[in-house]
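**Student:** Not my notes, these are from Swiss-Prot:
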type	residues	note
SIGNAL	1-18	signal peptide
REPEAT	68-89	repeat '1'
REGION	68-267	region '10 X approximate tandem repeats'
REPEAT	90-111	repeat '2'
MOD_RES	M110	methionine sulfoxide
REPEAT	112-122	repeat '3'
REPEAT	123-144	repeat '4'
MOD_RES	M136	methionine sulfoxide
REPEAT	145-166	repeat '5'
REPEAT	167-188	repeat '6'
REPEAT	189-210	repeat '7'
REPEAT	211-232	repeat '8'
REPEAT	233-243	repeat '9'
REPEAT	244-267	repeat '10'
Amino acid sequence: MKATVLTLAVLFLTGSQARHFWQQDEPPQTPWDRVKDLVTVYVEALKDSGKDYVSQFEGSALGKQLNLKLLDNWDSVTSTVSKLREQLGPVTQEFWDNLEKETEGLRQEMSKDLEEVKAKVQPYLDDFQKKWQEEMELYRQKVEPLRAELHEGTRQKLHELHEKLSPLGEEVRDRARAHVDALRTHLAPYSDELRQRLAARLEALKENGGARLAEYHAKASEHLSTLSEKAKPALEDLRQGLLPVLESFKVSFLSALEEYTKKLSTQ
C-alpha cells in the first residue's frame, strides 16, 4: 500500500529527482554506479546476442561455404573488449568524480528545495494513504458475504456473483478516482512551486553566474580532453588486439571468394 501511495505521488511531482524523496529502503547509488550497471548489462547482452548471430550465420549454407571461422576468434575479440573496459574504468571514474565535485554546490541547493517541498506535501500523502486504506477495508467488508456464494460454484451463482460485484468494483473505482483527483489538486501548487524554484535557480545561475557557467563548461571540456588523452593507449591496445582477427577474416574471405570463382569458371 505504501508503494502505491508513493508511486502516485511521483506522478504529480515533476522531474526525475522527485523519486529520490522516498528511496530510503535502498542503499544510495551514485550516478556513476548506475551508468556502470547500465553499460555492463548492455555490453553483456550485446556480446551474448552477437555470438548467437555469428553462430547462426556460420551454420547457414553461405556461412559453411565461406568458412570464415568467426567463432574461433570470438573469444579473442571479447577478451580484447573486456580488457579495454578494465583500462578505461579508472579513467572514466576520475572524469565522473571531477564532474560531481564541480557541480556539488548547485546540486546541494536543488536538494534543499526538494526537501522543503517534500515536507509540505507529506501531510497530503499521509491523508491519501489513510483514505485509501479505509476504502479498501470498506470494500473488503462488502465483498466478504459474497465469498460463501462463490464456493457453491454453479454457473448461475457465478453469474449472479459477477452482477453483485460489478457495482462494488465501480464504486471503489469512482471513490478512488475522487481521492486521486483531490490529491492531484492538493499537490499541484507544490509541483508548480518546485518548477518555479528550479527555474529560478537556473535563471540566477544564467544571469548572475555567467562566469560560473563558463567555468563549468571550461572544466567539463578540460575533463573530456583529459579522458580522451588517457583513453588513447587503451584504444590503441584494442586496435592491435583486433588486427590479427581482421587479418584472419580477410584471408578466409579472400580464400573462399577465390574458391567460389574457380567453381564458377569450371561450370
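Cβ coordinates come from backbone N, Cα and C, glycine included.
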**Student:** Go through M110, M136, the listed modified residues, and name the one with the sparsest Cβ surroundings, counting other Cβ atoms within 10 Å.
**Tutor:** M136
**Student:** Can you break down the repeat '6' (167-188) into helix, strand and coil residue counts using DSSP?
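**Tutor:** Helix, strand and coil residues of the repeat '6' (167-188) number 22 helix, 0 strand, 0 coil.
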**Student:** Quick one: DSSP breakdown of the repeat '4' (123-144) into helix, strand and coil?
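**Tutor:** Each residue of the repeat '4' (123-144) counted once, the result is 21 helix, 0 strand, 1 coil.
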**Student:** What average pLDDT is reported by the model for the repeat '6' (167-188)?
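**Tutor:** Taking every residue in the repeat '6' (167-188) and averaging pLDDT yields 79.
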**Student:** For the repeat '3' (112-122), what are the DSSP-based totals of helix, strand and coil residues?
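**Tutor:** Per DSSP, the residues of the repeat '3' (112-122) fall into 11 helix, 0 strand, 0 coil.
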